[in-house]
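The region 'Disordered' annotation in TrEMBL covers B:360-383. According to TrEMBL, the feature transmembrane segment maps to B:12-32, B:38-57, B:64-86, B:127-150, B:157-175, B:206-235, B:256-274, B:294-317, B:329-353.
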Amino acid sequence: MTDPVLTSSLLYLDDVRVSFDGYKALRGLSLVLAPNEMRAIIGPNGAGKTTMMDVITGKTRPDTGTVFFGGSVDLTKRDEAEIANLGIGRKFQKPTVFENHSVDTNVLLALKAPRGAFDTLFGRAARDRRERIDGILRRIRLWDHRARRAGDLSHGQKQWLEIGMLLAQDPKLLLVDEPVAGMTDSETATTAELLREIARDHAVVVVEHDMAFVRDLGVKVTVLHEGAVLAEGPLDQVSADPRVVEVYLGR
Amino acid sequence: MPSQRILSGRGLVFLAVLVAAAVLVPVLSLAVPPASPFHLSAYAVTLVGKYLCYALLALALDLVWGYCGILSLGHGAFFALGGYAMGMYLMRQIGARGTYANPNLPDFMVFLNWHDLPVTWWGFSSFTYAMAMVLLVPGLLALVFGYFAFRSRVTGVYLSIITQALTYALLLAFFRNEMGFGGNNGLTDFKDILGFDIQSAGTRAALFSASCAALALGYVVAAAVTASKFGQVLVAIRDAESRTRFLGYRVETYKAAVFTLSAMMAGVAGALYVPQVGIINPGEFAPANSIEAVIWVAVGGRGTLVGAALGAVLVNWGKTFFTGVFPEYWLFLLGGLFVGVTLFLPQGILGLVDRLTAPRRPEPPAERPVAPDEQVLPAPVAE
Ligand SMILES: Nc1ncnc2c1ncn2[C@@H]1O[C@H](COP(=O)(O)OP(=O)(O)OP(=O)(O)O)[C@@H](O)[C@H]1O
Ligand SMILES: [Mg+2]
């Protein structure tokens, strides 16, 4: 295959189909993401946004369709850990941090380092580890909270911690599922700023319902509906699209 | 910060108690005359030695359950396998002193009209070989079992059920005479260990001290493992398994590794148990034994190591007492204890101790204060 669209892409999904017990969650989803691109994905509940992330990260195997990373790696043949180590990080829709570990340890466990059981049992810690962790903690505004149990953080802080863990992984592609759900307006604005900053040197896919937030990001938007792409383009353009208005914005 | 101290204050106290017991108990048993109120009978020494073996089993279980969330209801199988390996060595030590005076075969094989020693028994005359088997047999079984179970992502209650099935299957297998492990009767009538009379007070005291040492060593290993980054990954798996996977950790490898280590510790516990009680039979594989071990850990406090050991000793001490006084009520009491602990003491005894002794938790810092040197994110865009 020498499809130039494929070879120049960071992420390439073509005609991906997934069904759960007969229910078609993805019905021919196609999406191409360029290296270092930031993309917002919107779509009504049940559109298949989270399922798409599940497919990319190896949690769900598609029934048919192609999923390529970096133009050459077939993601449908890999499992979660392999895909993570290829450089794809993910933030869950429901914030998921290690509640019983300190904020510090959460970042430490995410930090790019050998992941094998032998490495973590006997390995020596990298020298610059402390600085890297501190840098991330400052960036996500949790430096003062580094010794706290992650489970004791507020909802918004957990969201940031999870984003910080993504940063620590230093992936090539970040998949961020509803990062501002349940955040206050000022937290939301801060998160948008944080993601824009991250997007400077990482490709990012953000799923979000919050339109003000998506507008704030100011990037190309893909609208999903019933498991397929309905429209794609700048937010103003897609929100003027009558089909989009009908299924999503108009409700 | 991430790198933790291996031994807490509590851990040091625990080790100190074990060292003191390892020294004092033999003295009180051997050097203090029987007439003295400080004398310890060989019976008492062996009884407590048995509790220590249970404590090591509980410690092993706590490592997988408390830290990695793997609720094994089959750890008794690894304990029993270690016990059988030791029992086979002890059988070979009997030599020609058995009832049938056969120098090459244990009595039960002569009785079954066997003429050759089965391959499974080869090498068991050697103490070193037998001790290797004490570690290898449970370890290998756990590795193979864990590899398949964890790779297939069997978790939660399903995993508990198959561990229970594992020990039950072994129970049935060991009951069969053809298996060559003494069937129903198991292995017993041991004479000596490493040339020492297994019944003598001196040997019993030595076995007691060896149990203290094994428990102490098991504790240090478990504490080192849980304090390492490996241990932090285990807790991460326990609390958010898929999060851990998406960070790139091979969850199944971690689980299989800790399960194997834990099975080997349980094997050592069983190996020390058998010479002290003088018998090993298929009953040790009974599913109920494994469940009891879970109760010990729950009572002492899961995820604390010291608590697991403490729970094992306390519950078994209670068992000895109650089965002596009202044997018919012990099971009800044990069940009640489990329900009570689950409902009222989810952190077990150690959790209660912590709650009673801990200074009040410091208030969390006020609304995200900003350190002077903190690089603050850009202010929110004005709306
Ligand atoms: N594991 C599963 N088993 C069965 N059905 C599933 C599964 N995962 C998702 N679905 C279904 O697939 C559809 C798409 O779900 P998905 O979570 O991808 O939607 P979404 O776009 O992320 O929605 P939301 O905005 O509510 O998060 C939904 O109808 C959901 O019920
Ligand atoms: Mg979703």
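Cβ coordinates are placed from backbone N, Cα and C, and glycine is handled just like the others.
Please treat TrEMBL annotations as automatic predictions, because they have not gone through curation.
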Segment proximity, the transmembrane segment (B:206-235) to the transmembrane segment (B:12-32), 3 or more C-beta pairs under 8 Å: yes
Ranked first among B:38-57, B:64-86, B:157-175, B:256-274 for CB pairs under 8 angstroms with the transmembrane segment (B:294-317): B:38-57
For the transmembrane segment (B:256-274), sequence-distant contacts whose Cβ falls under 8 Å of one of its Cβ atoms, 6 or more beyond its ends: 49-50, 52-54, 56-57, 59-61, 63-64, 67-68, 70, 72, 75, 78-87, 90, 131, 134-135, 137-139, 141-143, 145-147, 150, 187, 207, 210-211, 214, 218, 221-222, 225, 230, 234, 280, 284
